[in-house]
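The domain 'NADH:ubiquinone oxidoreductase-like 20kDa subunit' feature in TrEMBL is assigned to B:62-204. Taken from TrEMBL, the feature [4Fe-4S] cluster 1 binding site covers B:62, B:65, B:157, B:191. Annotation source TrEMBL lists domain 'Cytochrome-c3 hydrogenase C-terminal' at B:224-305. Annotated [4Fe-4S] cluster 2 binding site per TrEMBL: B:229, B:232, B:257, B:263, in sequence order. Per TrEMBL, [3Fe-4S] cluster binding site is recorded for B:272, B:291, B:294.
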């Protein structure tokens, strides 16, 4: 007997995602992933000053706030062939690395942990035992029995008040929760600590970009001036403040996040569902020099197909045959047709809702069912994100990645294939955080050194004035965002934005079926997963959260070349 | 059902000392712009009021407002979530998903009719452009707003339509106030708003049991009555007529005014210059970046952002404080350099400058 279950809204993610799953004999036979909202941002930026576009598209997402702004300024600088000053390169790297660390820590504790951690169970923990466990896995200072007792009392009072707030109506007590109460208490304590800590690391953005969320950028470098002796520039005192924040971030990642991840992971290493497709793609990033020089990437670029780590293929984002977006199951049309694929350069966004009458009970996977398009690389669905980066980096032999992966697999006593699962994805996210927080330290040291050597330049004004631009230009800005490979394609004509297209991580991940009927990564990862209780499908949340969805990003793809009229048809 | 604890009780039970509790109240009073003698009112309100149930609907948003909210340093996020409010429906933070979280919404609407606060983040859109739980988000908004004590429209999207409503507005994006009637609405614009402004508005409602005083655009006067220009740390350079001509030039390093590279501070009502961001660390202008005016209605269509603004401030200077508010915005761009030069002269010859204020008018 087949039963269809619906999870809508999927919470603890960015944006609006709906999952429908057919369960047969306790196992997911088939799943459907639908993005249920759209804004059409690419239409909005067309015709505007290319130097302003970063601010618009930055608002694609306020969680990965910074990544779309960076991809945008990179695309315009690619189109106009602008080389930004060394200090600006380093400041942008530092801001991006700070974003990754913030994003991954918040994802782990606040968006994902409650799939593995039972808050209510923490109430029956022995704080003495929790303290012993904490001290056995880390030398983080806040680990006394008294501290954990206090946290436990806080949770107890929230529960006793009858107003559970954000913890209301969770799947507490579900048999899929495997942690002992003491480890649950440890995780809850760190949930609260991380909530406090995340406010600190973003101050790097505030100093260098004025605020967070949504710090400021500028095409050609950074507007933030450096002068170590002046109070209105980034000066010695602010640089010291950033340095200290970075040191505290390293400490938090290495003494709290990573030990918690491995401790929790060790209880679930038998739950290896959620692997899905084994095609991995990374555009690569974290250059030690120019962002377009792929040889200088600390996070390597490449493609792995069908889990074959012996061969890493190359990617060309400018090649019209490689990346295409399909709309056979998405609420769009191309040139008036309801199907087909287009390279982002020729992209089009004509919204056309053809779903069921609202309100509806179910979507139909044989018809169009989402606002998310289906991007494909040479007609293959691709997983992007931490796991993809780690797999590509491992296959390419990047020493830091090989070392940390081998070391972790040893500690957990699992094979490499264990990474190809929901939990593996979550572990991969933690491992890259450990690397990136170190790169953050290195880049800050490089910045300090560069300034010490007398370079205080942050902005290149040679191409600022549109009078100096070619009449027509086009560029692509790519990067690795926390959720995966991201690229923006821009066209510039007579000083205005003539085209703008974004193909973003969650579009790859949450994509529906394509022209060949191939499922995207979410749908594929859910398939064949056993579900204990269809009324409390914690397994679906675990798998979907392991990808860290960002739906606001996913549904803003591609724009129209010639500003076609938006066509809306209600069924 | 157990009776709800007061904020004070729940804080004390959660291990907060009386001393720390008072400190929180004093910080709150400062956030609210109250003088020290008023902090007693905050203490009293916190001691006697229950945690207010909050339903937080995310419409077409970027989650940037939620992210800003959790950056609050006074009151701290944890205190807000566990001592001041009971956040029962929030797509970003709620443990519950699917029908379980929808049950939370229905339960609060039923159990706390007329008492809960509805927070809205993101713009309203036509039915087909956003469904949640298979329902039109627009209909769910109307339904949830109906019996709310008040609606807090966090961010420029929910307050004014925001980004999605920028031309050509492909999805018919609108503000909350365009579709919700009969319930008090507090607009808290900004992209996103400052964390302490967001939590400060909630604190006001809890403390005084009524809405803060609002201006004509529905914004709390406590945070939006002054332009960024009025409290700007670069203001002296504006008055002296000293401007950054290009990013990272010598003037930028000294801290000259950013007006000529596009700063919208003179026409933007927000508390950035006073409260600053992320615990008071900085704000865009301080970091060398021109303000893009993100708390103003339709600011997305007021670009380009990095060329001198068409509208310039009037003659508000520190020399004529009594005139503040009489002159808002609206003179021509060409007037700015002249105005600034005049301002400099004004310091020596106040009366002459007053007679030449003709370049400004109510905007």
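The backbone N, Cα and C atoms fix where each Cβ goes, and this holds for glycine too.
Walk me through the surroundings of each of these features.
The secondary structure of residue B:157 ([4Fe-4S] cluster 1 binding site), as reduced to three states from DSSP, is helical.
The average pLDDT the prediction assigns to the domain 'Cytochrome-c3 hydrogenase C-terminal' (B:224-305) is 96.
Residue B:229 ([4Fe-4S] cluster 2 binding site) falls within a helical segment according to DSSP.
In the three-state DSSP classification, residue B:272 ([3Fe-4S] cluster binding site) falls within a helix. The Cβ of residue B:272 ([3Fe-4S] cluster binding site) lies under 8 Å from the Cβ of B:194, B:228, B:283, B:284, B:285, B:291, each of which sits 6+ residues away along the same chain.
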Are any of B:229, B:232, B:257, B:263, B:294 (the binding-site residues) within 10 Å of residue B:191 ([4Fe-4S] cluster 1 binding site) when you go C-alpha to C-alpha, and if so which?
B:294
With every protein chain in view, how many other Cβ atoms are within 10 Å of the Cβ of residue B:65 ([4Fe-4S] cluster 1 binding site)?
30
How many Å separate the Cα atoms of residue B:257 ([4Fe-4S] cluster 2 binding site) and residue B:294 ([3Fe-4S] cluster binding site)?
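Each residue's Cα considered, residue B:257 ([4Fe-4S] cluster 2 binding site) and residue B:294 ([3Fe-4S] cluster binding site) end up 19 Å apart.
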So which of the binding-site residues B:229, B:232, B:257, B:263, B:291 end up next to chain A, with Cβ to Cβ under 8 Å?
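Of B:229, B:232, B:257, B:263, B:291, none lie near chain A.
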Hey, of the binding-site residues listed (B:62, B:157, B:191, B:232, B:263), which one tops the CB count within 10 A?
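Its Cβ has the most other Cβ atoms within 10 Å: B:62.
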Please report the distance from the Cα of residue B:157 ([4Fe-4S] cluster 1 binding site) to the Cα of residue B:232 ([4Fe-4S] cluster 2 binding site), rounded to the nearest angstrom.
25
Identify all same-chain residues not among B:229, B:232, B:257, B:263 whose C-beta atom falls within 8 angstroms of the centroid of the [4Fe-4S] cluster 2 site's C-beta atoms; report them in sequence order.
B:228, B:234, B:235, B:238, B:258, B:259, B:265, B:266, B:285, B:291
Counting each residue once, how many in the domain 'NADH:ubiquinone oxidoreductase-like 20kDa subunit' (B:62-204) are helix, strand and coil under DSSP?
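Final tally across the stretch: 63 helix, 30 strand, 50 coil.
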Of the binding-site residues B:229, B:232, B:263, B:294, which one sits closest to residue B:65 ([4Fe-4S] cluster 1 binding site) when you measure Cα to Cα?
B:294
